[in-house]
Amino acid sequence: MKFVDEASILVVAGDGGNGCVSFRREKYIPKGGPDGGDGGDGGDVWMEADENLNTLIDYRFEKSFRAERGQNGASRDCTGKRGKDVTIKVPVGTRVIDQGTGETMGDMTKHGQRLLVAKGGWHGLGNTRFKSSVNRTPRQKTNGTPGDKRELLLELMLLADVGMLGMPNAGKSTFIRAVSAAKPKVADYPFTTLVPSLGVVRMDNEKSFVVADIPGLIEGAAEGAGLGIRFLKHLERCRVLLHLIDIDPIDGTDPVKNARIIISELEKYSQDLAAKPRWLVFNKIDLLDKAEAEEKAKAIAEALGWEDKYYLISAASGLGVKDLCWDVMTFIIENPVVQAEEAKQPEKVEFMWDDYHRQQLEEIAEEDDEDWDDDWDEDDEEGVEFIYKR
């Protein structure tokens, strides 16, 4: 299936149903009073993370999602039916962004996690709500409010423990094929890898980690050169980055310059990503003598000002790969992911249900007061009849 990691969709929540103006009519009850019911609430639009999905390709074709409108109120104090909700399933790792404000609405990082992206409209009030001692036959009602409408940008970011960086043909795909069951395409030309891929590295029956391979970067990627930096976002959730360097490039380029290009592109994309733990890994050492490879790796590390430990491996022959993987596993165990507890704060809304309906009732009451006739005269027949019956 084609890998798609970005999609734009429109979500529209259902409008609230309108209130009803109705009066009770039964035999021998000529004036039964108001019995108009309230409308129903509009349906909501939800996002739900599903671990069985791995691409956003479905939302390249289906771009609009609309929840059901609430039904209008009816006579006999019947409340309208609430509109049905709409649930949009997305892969785990999807980030939801409101294109109108640029605000990140949420990150879908757990299977079954749900996120409200569009709230349905509130129901309108029927005329039963407006009856009072001075208004026995109210003909007022309120309409339901419109539901939320948003244009959303969905960004899929892979969930991996380890991310791989490097120039094209640095051996990233060969490495992931050597340590996992993933089989990305491998060839002797640049940009063989066109989309990110994941591989699970199993060290034993209990220990494993996930590694992500992204297309190679070249100079000017931040400005859109090559495949650009659009795939770097898949490394934002990684705990450690493996920077693969071809120790003896076949095209004759300088390994030091190549390494600096990767570092520069990381810093241009995100300072947070550039600050992540990054390990230097020299690949293709099988093409050189052991002493020559060690000497060259030391010279490159010194030129880069690298003072930490570095690794010499051959992804093709497996030399040094197992030791590197065990060190990565140890690092992951010693640096577990810290789950920040979400602060339990009240839901941020513009106004609450009770406030809205109370305001509607107060406005109607003010209108009734303005229209009230303080001077009683013979034309007020309804008032005379009412007083007589009491």
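Cβ coordinates are placed from backbone N, Cα and C, and glycine is handled just like the others.
Going by Swiss-Prot, these are the annotated features:
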- 166-173, 191-195, 213-216, 283-286, 314-316: GTP binding site (BINDING)
- S173, T193: Mg(2+) binding site (BINDING)
- 129-145: compositional bias 'Polar residues' (COMPBIAS)
- 1-159: domain 'Obg' (DOMAIN)
- 160-333: domain 'OBG-type G' (DOMAIN)
- 127-147: region 'Disordered' (REGION)
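A map of Swiss-Prot features onto the structure.
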{"residue": "G166", "record": "GTP binding site", "DSSP (3 states)": "coil"}
{"residue": "K172", "record": "GTP binding site", "DSSP (3 states)": "helix"}
{"residue": "P215", "record": "GTP binding site", "DSSP (3 states)": "coil"}
{"residue": "K284", "record": "GTP binding site", "DSSP (3 states)": "coil"}
{"residue": "S314", "record": "GTP binding site", "DSSP (3 states)": "strand"}
Within 10 angstroms of the C-beta of G166 (GTP binding site), what count of other C-beta atoms is obtained when all protein chains are considered?
23
So if I draw a 10 Å sphere around the Cβ of K172 (GTP binding site), how many other Cβ atoms end up inside it?
30
Could you give the Cα-Cα distance between G166 (GTP binding site) and S173 (Mg(2+) binding site), in whole Å?
11
Which whole-number value in Å describes the distance between the Cα atoms of S314 (GTP binding site) and S173 (Mg(2+) binding site)?
12
I'd like the number of other C-beta atoms within 10 A of the C-beta of S314 (GTP binding site), please.
22
Round to a whole number and give the Cα-to-Cα distance in Å for the pair K284 (GTP binding site) and S173 (Mg(2+) binding site).
13
Local confidence of the domain 'OBG-type G' (160-333) - pLDDT mean:
81
What's the number of neighbouring CB atoms sitting within 10 A of the CB on K284 (GTP binding site)?
24
